[in-house]
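Quick look at what TrEMBL lists:
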- A:K206: active site, proton donor (ACT_SITE)
- A:L12, A:G13, A:C14, A:G15, A:N16, A:V17, A:G18, A:A19: NADP(+) binding site (BINDING)
- A:K106: NADPH binding site (BINDING)
- A:E191: L-homoserine binding site (BINDING)
- A:355-438: domain 'ACT' (DOMAIN)
Number of protein chains: 2
Amino acid sequence: MTEMRTLKVALLGCGNVGAQVARILIEDADALAARAGARLQLSGIAVRNVNAPRDVDLPQDLFTTDAETLVKDADLVIELMGGIEPARTLILSALQNGACVVTGNKALLAQDGPTLYEEADRAGVQLSYEAAVAGAIPILRPIRDSLSGDRITRVLGIVNGTTNFILDQMDTTGAQFADALAEAQRLGYAEADPTADVEGHDAAAKAAILASLSFHTRFALENVHCEGISNVSAADIAAAKDAGFVIKLLAIAEKLTDVDGKEGVSVRVHPTLLPREHPLAAVRGAFNAVFIEAENAGELMFYGQGAGGTPTASAVMGDLVSAARRLVLGGPQRTETTTGHVPALPIEAATTSYYIGLDVADQPGVLARIAQLFAEHGVSIEIMRQTIHRDAESNVESAELRIVTHRASEAALAATVQAVKGLDVINSVTSVLRVEGV
Amino acid sequence: MTEMRTLKVALLGCGNVGAQVARILIEDADALAARAGARLQLSGIAVRNVNAPRDVDLPQDLFTTDAETLVKDADLVIELMGGIEPARTLILSALQNGACVVTGNKALLAQDGPTLYEEADRAGVQLSYEAAVAGAIPILRPIRDSLSGDRITRVLGIVNGTTNFILDQMDTTGAQFADALAEAQRLGYAEADPTADVEGHDAAAKAAILASLSFHTRFALENVHCEGISNVSAADIAAAKDAGFVIKLLAIAEKLTDVDGKEGVSVRVHPTLLPREHPLAAVRGAFNAVFIEAENAGELMFYGQGAGGTPTASAVMGDLVSAARRLVLGGPQRTETTTGHVPALPIEAATTSYYIGLDVADQPGVLARIAQLFAEHGVSIEIMRQTIHRDAESNVESAELRIVTHRASEAALAATVQAVKGLDVINSVTSVLRVEGV
């Protein structure tokens with residue numbers, strides 16, 4: 001065997017994922033060298049506190065607080081610190097030095113991706129971030145490479161395990177949101193401050209990344225319409241279940257033509273009704289999955305663990321070995337293509353189907369009046385179902401009306417709901433939720 | 001915009017998939033150029049008969065019967081003729097000329113892959129074959145690149161749509177194999193001569209390719225143990241269903257330690273019982289899916305259309321654009337790593353769980369005698385369930401015994417079944433099937 005090159009790997013951050021990456025680099029050194037064609041030598045781990053306790057037992061002399069010096073001497077830099085600074089400055093410094101960078105920092109990519117991608121292009125090095133979306137699931141490379149000869153038309157992703165766990169609990173046990181959240185926190189699926197997960201911010205960052213790669217256009221966080229699940233009630237879940245649906249928090253990126261005939265991409269995160277037979281409906285617990293529709297490939301789904309130190313470390317290591325192989329082979333690293341230039345459509349321009357639950361008076365002609373009102377607003381009804389309840393004590397009858405619409409614009413739907421609320425026969429609008437997969 | 005390079009693309013074969021590839025190259029020329037960084041010019045299509053009818057309307061002057069000349073002048077060659085010769089000679093000639101080759105020819109790869117891979121290595125060009133396994137599903141690139149820093153321990157694949165359709169029909173309708181096959185032929189899911197599909201040969205070629213990439217070792221068709229589905233009866237399906245299982249034809253590659261403690265990879269294709277809650281159990285009709293277990297990533301699944309001209313063309317185009325991008329960037333193409341050197345284990349050394357159905361005499365002590373016999377052969381029983389039937393006319397009672405074992409070697413199981421057959425209380429052994437996913 002000929003003498004192998006050694007590539008220096010700097011690791012920034014040693015949390016949940018970082019500690020596992022360090023372990024794999026040390027434990028699997030021989031197998032990794034065989035696959036990369038070079039020895040991957042962990043040259044140091046930059047942390048805030050060198051004496052903090054770690055998930056994995058690692059040689060103490062690897063730790064340093066001097067990230068800048070570590071980065072300057074590395075061929076490959078793995079950034080797993082999270083947050084915007086100093087991650088951003090360190091990544092830029094690594095790229096400028098000609099090092100390839102692997103990161104899982106979705107927040108930074110969604111906020112300031114273009115600056116980083118441009119710097120990588122300029123330096124002819126690779127910036128890879130498979131770990132930033134859907135943890136262990138290989139999804140970014142298939143979109144970027146395997147589907148590079150196809151046209152993706154739509155991406156629907158369950159990309160946040162915390163909210164999927166909570167919604168799955170609510171669906172299975174009938175629990176209210178607050179109780180399911182408490183259970184998720186007890187089991188370690190949700191953080192003490194669950195805002196980033198339950199309000200959809202984490203999923204929104206991933207939606208921006210998925211949309212950018214799928215449509216060859218750079219979308220930022222500000223292009224993503226975001227609604228979380230804290231307003232989803234047990235009653236919503238029960239009604240959806242009764243109608244053959246399950247509620248999932250989806251990250252959606254789809255090509256649409258808006259009301260003025262302008263083509264664009266709608267990128268959004270919101271609770272969504274899915275038919276129970278849809279492949280994404282079967283994704284349980286904290287698992288993730290991404291469903292892709294492409295013109296030629298048809299429907300594809302990618303399923304696996306979306307979080308956790310060891311699974312996410314697998315994605316980091318895949319990026320690292322791939323970048324190292326290219327360094328060994330020579331020639332520039334591959335960079336992203338952003339030749340699509342499709343505009344991001346505001347949420348008002350997006351069209352989806354809707355589910356609307358109404359508590360109505362049980363009087364003759366109510367259905368006709370409501371149907372008429374939908375028609376006047378240009379919202380076409382696909383399914384309308386009325387259920388009558390009689391209160392045993394008061395003997396008062398009430399009726400529940402469930403409507404699933406065909407695709408309608410956000411604006412038309414909002415106007416319709418507003419008008420419906422004004423009808424004297426309406427007691428209340430119990431839920432308004434978007435529907436996909438029908 | 002700077003002047004773009006033009007890369008000449010030769011297409012060999014214009015069947016189902018080839019015609020769609022030609023269509024996409026022509027229709028999507030601008031988008032493909034933007035993504036590849038070079039114009040992909042279809043320089044010609046080699047066919048046996050230039051006047052044969054095609055699925056797609058294509059310029060007549062593209063067609064030629066002179067494949068050799070076409071290949072000599074190409075930067076990229078797409079081989080979709082199928083069969084061993086002349087495909088093999090043409091691919092070798094293309095590689096020797098320094099062209100990158102994209103093929104979907106699983107039979108050739110499984111039979112003579114090593115010769116082709118070595119020639120590609122020598123020439124420093126890429127031989128890609130995503131379309132050879134599971135049609136549109138990006139599975140080979142994720143295994144090769146995304147999981148390159150992980151250790152795959154097991155691959156279970158539904159990689160033949162014809163047999164999945166037949167087994168799904170049998171499961172849904174209770175049909176016998178022959179009737180389900182006839183239905184599949186009527187709907188175009190099975191060919192007039194269905195041997196290659198139903199006897200597992202097609203799946204075996206794909207199993208060899210999946211195993212080679214997953215375990216960084218070249219496995220050939222002769223390393224694959226292969227059993228088809230023509231012996232699976234409606235009674236087998238019904239009994240499996242009753243016990244909470246579904247029967248699928250799986251391509252399996254897994255790392256095992258044989259009875260002598262030797263590590264190796266077992267590559268095999270056979271009808272397999274899967275628990276109904278296993279993600280692969282939900283793969284219906286002619287769809288394909290590959291389930292992967294890796295040390296760090298955990299469980300992953302990739303799902304989509306496994307055949308059809310347009311979906312398979314998507315996989316071909318992904319390989320083509322990826323190879324073209326690298327030609328534009330410069331530097332050698334990436335080649336496979338085969339540094340694993342794990343031995344292929346013969347089927348006798350493989351261990352799996354088994355399902356055994358027995359028609360037994362309804363006498364006291366029968367269960368104990370059978371259990372004793374299993375124990376003597378070192379086969380541990382996980383589940384044993386007896387059902388008593390009474391014939392209304394004759395009033396004779398018979399008993400059906402269903403056994404699921406823990407992992408046992410093929411040899412131990414065969415010896416056990418042989419011994420069980422010798423017991424006077426056994427009327428017949430109704431089925432012996434392997435079980436995965438428990």
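Placed from the backbone N, Cα and C atoms, the Cβ positions cover glycine too.
The secondary structure of A:L12 (NADP(+) binding site), as reduced to three states from DSSP, is extended strand. The Cβ of A:A19 has fewer other Cβ atoms within 10 Å than any other of the binding-site residues A:L12, A:A19.
Residue environment of A:K206 (active site, proton donor) contains 25 other Cβ atoms, counted within 10 Å of its Cβ in all protein chains. Distances between the Cα of the residue listed as 'active site, proton donor' and those of the binding-site residues A:L12, A:G15, A:V17, A:G18 are shortest for A:V17. The Cβ of the residue listed as 'NADPH binding site' lies under 8 Å from the Cβ of A:Y129, A:A132, A:V133, A:D202, A:A205, A:K206, A:I209, each of which sits 6+ residues away along the same chain. The NADP(+) site is defined by A:L12, A:G13, A:C14, A:G15, A:N16, A:V17, A:G18, A:A19, and by the 8 Å test on Cβ atoms against their centroid, the other residues of the chain that qualify are A:L11, A:Q20, A:V21, A:A22, A:L80, A:M81, A:G309. Counting residues per DSSP class in helix, strand and coil order gives 23 helix, 38 strand, 23 coil for the domain 'ACT' (A:355-438). Cβ-based neighbour count (10 Å, all protein chains) for A:N16 (NADP(+) binding site) stands at 15. Summarising model confidence by region, the domain 'ACT' (A:355-438) averages a pLDDT of 87. Rounded to a whole number, the distance between the Cα atoms of the residue listed as 'L-homoserine binding site' and A:C14 (NADP(+) binding site) is 19 Å. Looking at A:V17 (NADP(+) binding site) and A:E191 (L-homoserine binding site), their Cα atoms lie 16 Å from each other.
Put simply, the residue listed as 'L-homoserine binding site' is 19 Å from A:G13 (NADP(+) binding site) when counted between their Cα atoms. Residue pair A:A19 (NADP(+) binding site) / A:E191 (L-homoserine binding site) shows a Cα separation of 19 Å. The Cβ of A:G15 (NADP(+) binding site) has 15 other Cβ atoms within 10 Å, all protein chains considered. A distance of 15 Å separates the Cα atom of A:G15 (NADP(+) binding site) from that of the residue listed as 'L-homoserine binding site'.
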